[in-house]
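Positions annotated as disulfide bond by Swiss-Prot, on the basis of similarity to another entry: C34-C37. Taken from Swiss-Prot, the feature domain 'Thioredoxin' applies to 2-109. Annotated domain 'PITH' per Swiss-Prot: 115-285, in sequence order, evidence recorded as sequence analysis. According to Swiss-Prot, the feature phosphoserine maps to S113, an assignment based on similarity to another entry.
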Amino acid sequence: MVGVKPVGSDPDFQPELSGAGSRLAVVKFTMRGCGPCLRIAPAFSSMSNKYPQAVFLEVDVHQCQGTAATNNISATPTFLFFRNKVRIDQYQGADAVGLEEKIKQHLENDPGSNEDADIPKGYMDLMPFINKAGCECLNESDEHGFDNCLRKDMSFLESDCDEQLLITVAFNQPVKLYSMKFQGPDNGQGPKYVKIFINLPRSMDFEEAERSEPTQALELTEDDIKEDGIVPLRYVKFQNVNSVTLFVQSNQGEEETTRISYFTFIGTPVQATNMNDFKRVVGKKGESH
């Protein structure tokens, strides 16, 4: 049984987050005598055992007033989500079903601790920071669309009319990019020449992508697109990235269509907290909204 670990004092909070590493950490901020906190406690405990790949912590806002203040806790129960000590989301209230859906959402496509060896110390897999609703892919096939390349399974993204793809990836907060993983098949359909653009004010078309100067151009080898391949980026050029546009010009074997099995970015958020994502709740202390 994994269980929920109480955080006894303010100095204990950051070490607990550090210990979670790249795993999802779900932190419940609670208060003694808070009715909604008591109601959701059994479900929260059950989730901690149901999802052992995540770390579950509990913080009493009276025992850890500094931690509560730093994280702008204004009502209980409030649940904050962290990865690599970076706050990535929050959930408020005692709806166990809604909380579990949020947990499952963040565990979907979890990079997992088994990939830590591939990621340099101080960086993280940025998949949790990709805003899927803000992503776009031109020339994707109907049968093998863009969402497939964000999952580590047997599905894949495939181009439609020819070998080219134009992919825009949006992040839910500014990030710094260090490298990326770009996986493809070994049958000649894997991507080869790729132009990378960042922070475009509007979507570009294929003609614009052809003639525009990229932030960085890549010539991928067959080794680069293997499962353990990592493609370095010019880190100084990717310091404050809100979106990335990838123009896949060609594939390894001059095949009719291009396939991408999976891709993700390695880097760090620019800031530890994206306050625009979190609405401060005005209410009395201990009041749930």
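Cβ coordinates come from backbone N, Cα and C, glycine included.
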Inset, instruction - Using all protein chains in view, find how many other C-beta atoms are within 10 Å of the C-beta of C34 (disulfide bond). - result: 22
Inset, instruction - Measuring CB to CB from C37 (disulfide bond), give everything in the same chain under 8 Å that is also at least six residues away in sequence. - result: K28, T30, M31, T76, P77, A94
Inset, instruction - Determine the mean pLDDT over the domain 'PITH' (115-285), rounding to the nearest whole number. - result: 88
Inset, instruction - Could you find out if DSSP has C37 (disulfide bond) as helix, strand or coil? - result: helix
